[in-house]
């Protein structure tokens, strides 16, 4: 019998009808015999919707033949007019389609096999269909293929049993995979590797170790890839004790020099916090691969050894080992920690030079860096160039808009993400709600907050409530903010009360601020930032005695306020400044130049209407010290140095380790107006973009 293949090439199974016949539902047996052992079907009763609904081929006016170019094979694939429409031909076409990575077209032909159950299908065709399921990661396809195998009485050999097991693992059907694994009569190392790697990938590390123990008892052997997977499980558990036991086993079996095992050891020790042993495992490798370099560099960066990680990165470059997108993403993360914009520009150039401009991992790291370091427009450019975007990419850019006070852009990006059918998560809502809070977008903020549970089925967490409290505080609705905290259907957290305390500071509500501060002090652990907010509140309102009391409390608790420090990057060098004249690393000529520039700026902005506010320091500070420290805050010194040493057309960016004080915020607004320079200040709270005398924060931070 001949089957018109061209009719089915682009027709979905559910679109095929036949009004002349209406066959009954086909049911497949739950078990079939396999070498004397029963192979259980985890899916039970399966049916084909086309058989249920009947069959009716839908002809096409201009059928297009299948044309496939296979370089590896000299056999030509013939069109519909040249081939005999037999089951063997269909199977051959399916195998060649899979070989050419045309998996969906292969399943369109597979529908014909499902309809004509009389066709005999060989092992190679089943193997091709399994490969298509793995590549598509489609649970529906897995059920169809596995059900078809059972209905045709297919009895797989060990190779195909392992392939079927791998198909279930790769498609996320881990429970069914375990059931199939238990039914395999003769399990080998590959069987164990497939199921163990599946449980590790799903984060079920305890089950993975149980299977590893079972494998050792049954086979008394272990494959090197399985060792590497188990080291990853140890890292997931955070158990260096278990990891060291695996290390000893690898030494006894003589597989410790294997590349996969060595890289697994480096990764395990790094993630468990033992960076010295990670470095030792790295140095013991006979041949250091790109993955090994990436693992050890990432380990140093993960534990805060950014300078050492950067040195290793240069060593990797000098060793001649090729870099990949993961190397560049690590390089960008190190740049973020060290605030080195020039280093990131080098990484960006390397991405383009090495052909990684479309790779999602490194480019998402770029979006994150540019967002965090004041280059949000550049971040958007990189984001738009990405051919594929994951949820991390969307969240990184949205968070960048939030930190830079561009709430409207963040909301538009959120709407665009929803329109693109990308499901938001908790981080997404935190980013967009923070953007609304920073920009004072009350209406949009409340609409998005309510949509979390009502539309997207995501229960708001404490951090989302903190954003809404900040939004209420920005509008001066402090009583409503307290009521909102009390009505929250979850345990109140430090972040929620801290948002209210900051609102009290900005609204200068000292009485409520004291109450909230006492609440925070009793919640523990002690958080220095809350004391700093109270200190600033007292200080800005002239309550010097109360401010001194806050410092005494800090001292009694063993806490201390770090001195205000500001950094500015000029070229590839980072320059730091403390308030007053405490920057001994500069010679007297540079110091005089900086002071002179500050004095000139203060004089210029005074002509534009700026008047110096009275500075309130502690009672034991004399007037001269008060005047000197107040006039030469670290922000002003850094700006003066940057203005002198950078081109006029470049935006000036500085970084502060505290919240920028009210007076300095006002000064920078006037300086941006007088000099015509765009200035970006990153303080402990957020980014402040100063342009033409205005700040992106709108006076609320």
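Note: Cβ is positioned from N, Cα and C throughout, glycine not excepted.
Annotation comment: Swiss-Prot describes 496-571 as region 'Type E motif'.
According to Swiss-Prot, the feature region 'Type E(+) motif' maps to 572-606. Nonlocal intrachain contacts for the region 'Type E(+) motif' (572-606), taken as residues 6+ away from its ends with a CB within less than 8 angstroms of a stretch CB, comprise 339-340, 342-343, 563-566, 612, 628-629, 631-634, 636-641, 643-644, 667, 670-671, 673-675.
Counting residues of the region 'Type DYW motif' (607-701) by DSSP class, helix then strand then coil, yields 36 helix, 16 strand, 43 coil. The region 'Type DYW motif' annotation in Swiss-Prot covers 607-701.
Per Swiss-Prot, the feature repeat 'PPR 1' maps to 86-116. Using DSSP to sort the residues of the repeat 'PPR 1' (86-116) gives these counts of helix, strand and coil: 26 helix, 0 strand, 5 coil.
If one looks beyond the repeat 'PPR 6' (258-288) by at least 6 residues along the same chain, the residues whose Cβ comes under 8 Å of a Cβ in the stretch are 224-225, 227-232, 234-235, 238-240, 243, 246-247, 250, 295-296, 298-300, 302-303, 305, 319, 321. According to Swiss-Prot, the feature repeat 'PPR 6' maps to 258-288.
The repeat 'PPR 9' annotation in Swiss-Prot covers 359-389. Taking Cβ pairs closer than 8 Å, the repeat 'PPR 9' (359-389) reaches residues 325-326, 328-329, 332-333, 335-336, 339, 341, 344, 347-348, 351, 396-397, 399-401, 403-404, 406, 420, 422, 651, 653, 680, 682, 687, 689 in its own chain, all 6 or more past its ends.
Long-range contacts of the repeat 'PPR 11' (425-460) within the same chain: residues 391, 394-395, 398-399, 401-403, 405-411, 414, 417, 467-468, 470-471, 474-475, 686, 697-698, 700, each at least 6 residues beyond the stretch ends and with a Cβ under 8 Å from a Cβ of the stretch. Positions annotated as repeat 'PPR 11' by Swiss-Prot: 425-460.
The annotation repeat 'PPR 12' is assigned in Swiss-Prot to 461-491. Among residues of the same chain six or more beyond the repeat 'PPR 12' (461-491), those with a C-beta under 8 A of the stretch's C-beta atoms are 426, 429-430, 433-434, 436-437, 440, 442, 445-446, 449, 452, 497-500, 502-504, 506-507, 509, 512, 700.
Each residue of the repeat 'PPR 12' (461-491) gets a DSSP state, and the totals for helix, strand and coil are 23 helix, 0 strand, 8 coil. Looking only at the repeat 'PPR 6' (258-288), the predicted model's pLDDT averages out at 91.
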